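J.: Annotations for this protein, taken from TrEMBL, read as follows:
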type     : residues : note
REGION   : 1-71     : region 'Disordered'
COMPBIAS : 16-32    : compositional bias 'Low complexity'
COMPBIAS : 58-69    : compositional bias 'Basic residues'
REGION   : 112-148  : region 'Disordered'
COMPBIAS : 126-148  : compositional bias 'Acidic residues'
TRANSMEM : 388-405  : transmembrane segment
DOMAIN   : 400-830  : domain 'Citrate transporter-like'
TRANSMEM : 412-428  : transmembrane segment
TRANSMEM : 448-473  : transmembrane segment
TRANSMEM : 480-498  : transmembrane segment
TRANSMEM : 566-589  : transmembrane segment
TRANSMEM : 677-697  : transmembrane segment
TRANSMEM : 703-720  : transmembrane segment
TRANSMEM : 732-750  : transmembrane segment
TRANSMEM : 774-794  : transmembrane segment
TRANSMEM : 801-818  : transmembrane segment
TRANSMEM : 864-890  : transmembrane segment
Amino acid sequence: MNYLSNLNVFKRRRNTSSTDSSPATPATTFTDVAGSSSRGPPAGAPEPAVTNADTPQRKKKRKSGRKRTVSVVPISEVTEASLELWRTLPPKIRQDPSMVSFQQVELEHARLHGDSHEDSFPEIQGLEEDGDEEDDDDEEEEEGEEYENEFITINVTNEEGQNKEIGHVKEKKEIPKPHVHHLAGHYIGNITPPKHDDLNDTGQNQLDEDHPFRKYSKIICLFITWLLIMAFMVVKDEKLVEPKHLSITPFKTKAYILPHLPQSSRIKVTLEGTFLSEPYNNITEHYLTVYLQMLSSTLESNLSEPFASSSAKNISEPWFIPIVHPYLFDSAPIVKEQRLFDIADSNYEHLHQANHPSLVRLMIRSNIPASMPVAIRYDQSPVNRDVGVIYAAFVLIFLYVLIIWEIVHRTFAAVIASTLAISILAALNDRPTMEDIIGWIDVETILLLFSMMILVAILAETGIFDFLSVYIYKVTNGKIWSLIHCLCLCTVLISSFLDNVTTVLLMAPITIRLCEVMDMNPVPILMAITVHANIGGTTTPVGDPPNIIITSNQYILKHGVTFLNFTAHMLVGVIIVVITTNIHLRIIYKNINHLRMHEPKELKELRRNIKVWERAAGKIPPYSKDANIVRETLMKKVKLLRHQYKKKMTKGTVPEDIYRSTLEELQREHPIKNRPLLIKSGVVCVFIVSLFFIESIPELRRLSSGWAALLGVVLLLIISDKNDMDAVLSRVEWPTLLFFAAMFTLMEAVERMGLIDWIGHATETIILSVSEDLRLAVAIIIILWISALTSAFVDSIPVTAMMVKIVVALSGKAYLGLPLQPMVWALAFGPCLGGNGTLVGASANVICAGIAEQHGYRFSFMDYFKLGFPIMLVSVIVTTGYLIMAHVVFTWH
């Protein structure tokens, strides 16, 4: 039968009836299986008319979605053989709008034979009535299940590891879930997060119970470590180095005899007095000369007075210390200077010969016409730095092994590592006293953290964090990337003027709430705002502790580094780094499902449909022209579905109806709970921030950041009349505070072993080894990269303190010709950006991890490392190019 001629008759009959019933016939709308629709008939197909007038509901449907033309085979190309192949396809595919040509031909065939099969084509009926495809959800789901049961092939792996193919499943079976990627205690994609029952108190999975070998190996290794610590601490006593006070007479040499012979070939001497710092060595002619001298007896038999006849020999190089002018003795500050004297092996052996009694004396001489008081400390058994560096590296590796593989909680790991470092110092005859250890802990930082945690806990009671979350959700219109960029930019701006830790404490609760609302995994977003907090802290002198250390140095301040000058040079680099970091994030999370807790239903449906259509096309053998017509039609549909899937994967938008309903619900559920408390908290926040800014002005500097935050919190507790202190203190992250205390102790112990000085000397040696015209570029690169890479694994505060000395020393050496400011900018960028490298690289990273864990979300060292370390490398590379262009090429300084 000629289907085409009969179809033309059918077309004229349908058009006539529709014209009589409706004066205005709108164009037909075709809808694909994913819900997008297109106006007008497909190419090559006759234009069926719509019999019913538009209703408001239909107009609303047409406005809600984009119209998209579906490419199908023209009716003129539909042959009898291709129609027979089409009839063998599943109902789900036969009824799709992309098959409208086959559907219309089949429908006309049924009408001509007096056999009504209109119920078989709900899409065609929808075209005639409405112009939009609106299938019933239940019907669609049943059809999808029917096709899945008919066509989906399941590969099942048996116990022997062999794959078995099960095709044409007749009933619905449970398909095993694939292997999933675990991140921070939560699963990414379309997998449900783990139950809290599966986690222990530290947030770790019960791996130890499942693996006895792992459990007992961990216990044995930690017990051995404890035994070593116990042995060293019991055997060795604390080293007490008492100061001695001497008066140096003018133009005379003061000899101070050491009461005991040195236990090693090194003697560390510490002097305190009215000295000039190293950069000012060339502005004075007054020096203190210090050296060691060996006194040996020449009379072997005289035991009562062994040194009645003796010979003296200098056994060290002279040490010259610049002194202030005598009329400044009463007003000049006390400066500490240290020097490690090396004794040659031959002289050291001679000292310990039994037949020739010997002693060592410290010789001090001044060339000023006035008596000068000095305080002296000497250590006759200092740590061997060559050996100490190896032990320091071992302790750091031990710490990172515990943290990276999550053998124990990071706080416990820091406590063990710091205790092990102290015991190693004891084994090296340099066990610190308890006063020394307490002095190592940066109480200022601990006080700031404690105060800001209490402030955030009280602010949370006002509902301000939920309120701000709803506002940001409203501003970003439910778009995931708009939300992420908004959070990151807010973090950068806040971190520019507040401490990074304070910024993270404020932004983390807002981020977590927003992610929960949008069904997103908070872990990647929390890590992103932490990275931006460290970047933003680079902008101003008060944004990050390393910047405070740099700009508080008197030598740097006197050489033109001001608040505005510092901010102007850093702002350009920060803007470039922020742009590259956001591009980096877009590339990393190109698949938006990596940011979701669950995969959206529409994406699941699209992915399932792609598989369905591909397998349907694969079952048609390409042996004839008629078969190719059907096959090409199916593959065009697959291409369209893939395009839609890719678009939805990168778009990351909450559906409009869900967004509106969620926004209305959130606005009802999360208003400001306690406005009087919010006003009081706002006043206190303004007070604290004002004190932070005042602290950056040297003339008005009276209170440190820790004291400013504590006074503000005390004021808030007074005016808010808080009686339930247990509830407030329960919100304090005590494990985080203990972690910081242990890390401060560990870093000071590592510095005492000589690791920090070794890094500093290596940096200075490399800079001095290049030609003069390349020294500035090499100095910028070395200072930036050494401080960044070191700060990624070692706390940035001791690294910055060490690198400041190197920068000042390099600038003070006139023969090098290195300007100070470019090296200062490189040093400011290095520790701040390097802190993004690892979880323990910056204080804000650890604080963010603690807040996430408190809310039930957890990320490990490796989870942060995979995101932070590449971002850190890219940031430092970009900053290197910026500094080279600005100060080597264009000499901005």
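Each Cβ is built from the backbone N, Cα and C atoms, and glycine gets one as well.
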J.: Could you name the stretch, out of 388-405, 480-498, 566-589, 703-720, 774-794, with the greatest number of CB pairs under 8 A to the transmembrane segment (448-473)?
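T.: That would be 703-720.
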J.: Based on Cβ pairs under 8 Å, which of the stretches 412-428, 566-589, 677-697, 732-750 lies most in contact with the transmembrane segment (388-405)?
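T.: Stretch with the highest Cβ contact count: 412-428.
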J.: Counting only pairs at least 6 apart in sequence, do the transmembrane segment (732-750) and the transmembrane segment (412-428) share 3+ Cβ pairs under 8 Å?
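T.: Counting Cβ pairs under 8 Å, at least 3, so yes.
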J.: Taking residues 6+ outside the transmembrane segment (774-794), which of them lie with a CB under 8 Å of any CB in it?
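T.: Same-chain contacts beyond the ends: 396, 400, 546, 747, 750, 756, 759, 762-763, 766-767, 800, 803, 806-807, 810, 816-819, 822-823, 826-827, 829-831, 833-838, 840-842, 869, 872, 876, 879-880, 883-884, 887-888.
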J.: Over the domain 'Citrate transporter-like' (400-830), what does the predicted model average in pLDDT?
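T.: The answer is 85, the mean pLDDT of the model over that range.
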J.: Thinking of Cβ pairs under 8 Å, which stretch from 412-428, 566-589, 677-697 has the most of them with the transmembrane segment (703-720)?
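T.: Comparing 412-428, 566-589, 677-697: 677-697 has the most Cβ pairs near the transmembrane segment (703-720).
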